[in-house]
Each structure stands twice: as C-alpha cells, then as structure tokens.
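Visitor: Per TrEMBL, active site, nucleophile is recorded for Glu101. Annotation source TrEMBL lists active site, proton donor at Glu105. The annotation domain 'GH16' is assigned in TrEMBL to 21-216. Sequence annotations record features per position, and here TrEMBL assigns N-linked glycosylation site to Asn109. The feature signal peptide is assigned by TrEMBL to 1-24.
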Amino acid sequence: MIKTSSCIFTFFLLICFFVVVAFGGTFDQEFDVTWGYGRVKILENGQLLTLSLDRSSGSGFKSKQQYMFAKIDMKIKLVPGNSAGTATTYYLSSVGSAHDEIDFEFLGNVSGEPYTLHTNVYAQGKGDREQQFHLWFDPTKDFHTYSILWNPRNIIFLVDGTPIRQYKNLEATNGIPYPKNQPMWLYSSLWNAEEWATRGGLVRTDWSKAPFIASYRNFNAQTSKNPTANSWLTQSLDNVGLTRMKWVQKNYMIYNYCTDTKRFPQGFPHECTLN
C-alpha cells in the first residue's frame with residue numbers, strides 16, 4: 001500500500017535497512033497536561049489516557065518533545081452517545097503566526113448520527129485546505145488507529161492503516177507551501193465547539209449528558225536522528241494505497257475544498273489540480 005525502501009526476508013524475519021527511533025512510552029512519560037488538569041486521567045500504569053469535557057472546561061495534552069518529520073499513531077475511542085457540539089482534536093503543530101499544522105478533528109453528533117472527521121493542512125500560517133469524511137465504522141464502540149505520516153515527500157492521513165488523504169510536497173516545482181522547516185508538537189484536546197461543530201452550530205451540546213469522555217491508547221511515534229536511514233521518510237502511496245484512498249473519498253468524503261465553487265468562485269487553489 002505504501003512504497004518503502006528495500007527489505008530482505010530471512011527465514012520468517014523481516015530485516016529492514018533502517019534504524020528507527022520509536023517513542024511509545026507511557027502517557028505520563030510522553031505527554032504533559034496543558035489544560036483542564038482535573039479532567040485528564042492517566043490510568044492502567046500509564047497505558048490509558050482519558051480527556052473529559054463538562055460545562056466548565058474541556059481538557060488537553062501535548063507531547064514533551066517536538067518532531068521534525070514523523071510517523072505518528074494513536075488509538076482513540078471517541079465520545080459515545082449524544083456528542084453534539086463536542087470536538088476531539090489530534091494534530092501536529094508548530095508555533096507562531098507562520099506556523100505549520102496537520103489536523104485530525106472529530107466533530108460530534110446526536111446519537112445515531114455519524115461523526116465528521118475533519119482534516120486540514122497549514123503551511124507557513126495558511127490553512128483553508130479542509131477535507132471532511134464520515135467513517136465506515138462507529139468510532140465510539142472501540143479504539144481505532146489514527147495516523148499521520150509526515151515526510152519530505154507528502155503528508156498521508158490514515159485510519160486503521162487505510163489512507164484517506166494525501167497532501168504532496170509541490171513547493172519546489174510549483175511554489176505551493178509545504179510544512180518542511182518547523183518542528184511540531186503533538187497535541188490533543190476535547191473541547192466545547194457547539195457554536196459550529198454540529199450542523200454549523202444548529203445542534204447545541206446537551207450538557208445533561210456531561211461529562212463527555214474520549215479515550216487514548218497505544219501512542220507510537222517513529223522518528224530518527226539519522227533521517228536518511230528511515231523508510232517512512234521516503235514513503236508515498238503505491239497503486240494499492242491510491243486505490244484504497246480513492247474508495248474512501250468516493251464513498252465517505254462529505255466535503256472537499258477543491259470542489260467548493262461557492263468558496264472559490266475565481267478558481268480553486270493551485271494544489272487542487274496537482275495533488
């Protein structure tokens with residue numbers, strides 16, 4: 001599905017010519033609580049983290065280290081039941097007015113209606129590259145893996161290993177900004193977004209259902225002090241991956257900025273014809 005560097009198979013073992021520094025410690029080792037301190041719980045000897053939202057406050061956490069290109073995986077179980085008005089975010093971001101950012105945002109809904117998975121890419125302070133999806137499963141029933149692969153070639157968003165979006169680095173050939181110079185922290189939060197999250201704010205949060213809780217497991221980050229040795233730094237989608245991504249986009253994409261004629265009456269952003 002994803003093109004990688006060469007590997008040698010030797011008697012049931014896969015030996016790959018790269019050295020990966022993988023960060024997958026406990027949540028208390030890898031993250032700091034950034035807000036809503038009493039609403040963040042680290043359980044099961046650091047293997048489980050939960051965020052909570054009530055009428056007074058949400059909560060969030062941030063990685064203790066920055067990443068300069070990485071393959072990030074996190075298992076998340078979203079707020080169950082009536083989650084309208086809530087937003088669970090999971091994203092990489094640098095700081096400053098010209099910041100870079102790679103976003104997963106999960107927008108809640110009333111019971112029985114699907115979550116909206118919102119994605120965006122900021123480069124040098126400019127975003128407005130939204131794509132939104134429904135999921136092909138109930139993300140509140142169990143943990144699912146949400147991954148960001150960010151390397152010099154492209155950014156790939158994956159859900160349970162299935163690519164849903166690819167944003168290519170076209171800066172050198174077409175002048176389109178790409179996140180490539182600024183290290184980023186990993187953030188996650190659960191907060192009140194009832195002004196816009198569900199049907200543009202038409203459906204508000206039912207605070208009688210609070211506290212709302214999102215759960216996290218199995219954080220893993222692949223990075224390295226020797227970038228030339230890591231296969232994920234050269235990964236891009238092969239034909240199988242592209243086919244799977246197109247299947248998701250055909251059946252589950254509900255918004256694409258590259259087809260929004262009302263928003264861009266003078267023509268779509270340049271990357272829309274190239275990505």
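Any Cβ shown, glycine's included, is placed from N, Cα and C.
Values in this document were obtained by computation on a predicted structure and should not be read as measured data.
Locate each feature and note its surroundings.
Guide: All chains included, 19 other C-beta atoms sit within 10 angstroms of the C-beta of Glu101 (active site, nucleophile).
Sequence-distant contacts of Glu105 (active site, proton donor), defined by Cβ-Cβ distance under 8 angstroms and a gap of at least six in the same chain, are Ala87, Thr88, Thr89, Tyr90, Tyr91, Leu117, His118, Thr119, Asn120.
Asn109 (N-linked glycosylation site): 20 other CB atoms within 10 A of its CB, across all protein chains.
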Visitor: Determine, to the nearest whole angstrom, how far the Cα atom of Asn109 (N-linked glycosylation site) is from the Cα atom of Glu101 (active site, nucleophile).
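Guide: Roughly 25 Å, rounded to the nearest whole number.
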Visitor: Let me know the model's mean pLDDT on the domain 'GH16' (21-216).
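Guide: Across the residues of the domain 'GH16' (21-216) the model's pLDDT averages 94 on the 0 to 100 scale.
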